[in-house]
Amino acid sequence: MRWGKVINQETCIGCHACTVACKSEHLVPLAINRTYVKQVEVGTYPQVSRQFQITRCNQCDEAPCVPICPVTAMFKRPDGIVDFDREVCIGCKACIAACPYDAIQISPDSHSAEKCNFCAHRIDQGLEPACVVVCPVEAIVVGNLNDHNSEVFQLIARKKADVRKPEKGTEPKVYYIGASDYTLNPAKATYEKHHMYSNQTEGYPVLDEKHHPKKHRVASARLAYDVPHNSPWHWEVSLYTWTKSISAGVFIVFSMLSFFGQILDPFWNITNAVVGGVFLGITGVLLIKDLEHPARFIRIFTRPQWKSWLVRGSFIIAIYSVVLLAQFILGILGVSGGITLSLFGLIFGGLTAIYTAFLFAQARGRDLWQNPTLPLHLFSQATLAGAAAYSLLGLIFPLSSAALHIVHITLLVGLATHLVLIVSDSVIPHSLHGAKRAAHQMVFGKYSSFYWTGLILGTLIPLLVAIFTSTVAFIALSSALALIGLLAYEHAYVQAGQSIPLS
């Protein structure tokens, strides 16, 4: 058995009966829609038509929300239905970031991720989903895709059936007949503040036309009705990437100094462990705060779903915290730890820095984050942050001239690499359309002030200062600017990646 669905937009009248039936069947709270009828006005007066699209979870065979979920709250049943368990969900919102169709939302009642689940409870009783039963024109048909005699299979075989975003490789099992490309492709219609029944006052920002690439605009297609879609990850995630860079970076720099024989005093074990531990602790607090169910965070460790990079990253952070604790204890005991400690710190500090790149890659709905250079970029950011932290520490706890020289060179290399990767992200054409629009928003749109602060104040100026002077005070100044700029850039990158409408 492999359940699938056909939605016939040739017969759909846009009555919203399916939306009402879904809300009634599942007691869906206000402001949340597991299914809704998107409407786009196409043409210019007087030749104007309104195109409908019944929009919901696509019940993907390769559902990206399933492997990214850290606790298996999102799961795929043997019959192909992608279901959820609100009692297990920790509210990390990773599934929302992963879904290319914006089909998952956080319920204000349960504070868990919820979506259309094909009315699995009705299916188990031999009943059809509520939306199928209530549709007055039988525009929604469900059945077994593996049965060549089923109505859904016959409809797909006889008529041209489309799926949403086939390029994502999710293999959706919701097929559309007669759907307009203006509704299937969210980039084809312009987004405006005024909708058919109301104003869009929350969720994705209205994209300013001057910040919207002209070649992607279709002036004769305008979104007439949609529902709000909120970005899943906010300032906590932006800040977490920054604090994590500092924590990981200090051990990376410490290891480099140790390999070159510049840190032999156990005092630096204590200093490095305290700085790394404090910022790693802040990282953990931010991650827990961002959860809709903070008290359930322990489930990441008690019932891990190992395909999720959120789980893998959590265990990497846990191991790295043990390395920092060991370094602190060795410092108290007056033992340096030698190359072995430095090697462990370099490995797990580096993994702590870069694992977010693989987590972002699992968020397949966010095109800007599908960047193969992101692991290198995050490692360079951590190296930059670690060198900047050591430059500032040098004002309080003097380092040898040789150690300062290594920190200075590391800062220069980190800044230069960071600059090259920032510029390449903006200049080199993106292969994914959503990435192009998100990059445009980052550089010229809503988040441009953060981007240019990170580029100019936080990268160019510190790099020039570090090139033309080697005094401790000026290097410390460039380090402070670099850390401020890094935070600004991280915020622009994280938020711009979520700014593009997906449905």
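For all residues, glycine too, the Cβ spot is worked out from N, Cα and C.
Looking at the stretches 245-267, 406-428, the one that TrEMBL records under the feature transmembrane segment is 406-428. Counting only same-chain residues 6+ beyond the ends of the transmembrane segment (270-288), those with a CB under 8 A from a CB of the stretch are 236-237, 239-240, 243-244, 246-248, 250-251, 254, 294, 297, 317, 320-321, 324-325, 327-328, 331-332, 349, 352, 389, 393, 397. Note on the domain '4Fe-4S ferredoxin-type' (80-109): mean pLDDT across this stretch is 95.
Same-chain residues lying 6 or more positions outside the transmembrane segment (309-333) and placing a CB less than 8 Å from one of its CB atoms are 68, 70, 92, 94, 244, 247-248, 251, 266-274, 276-277, 280, 283-284, 300-301, 341, 344-345, 348-349, 351-352, 355-356, 358-359, 361-362.
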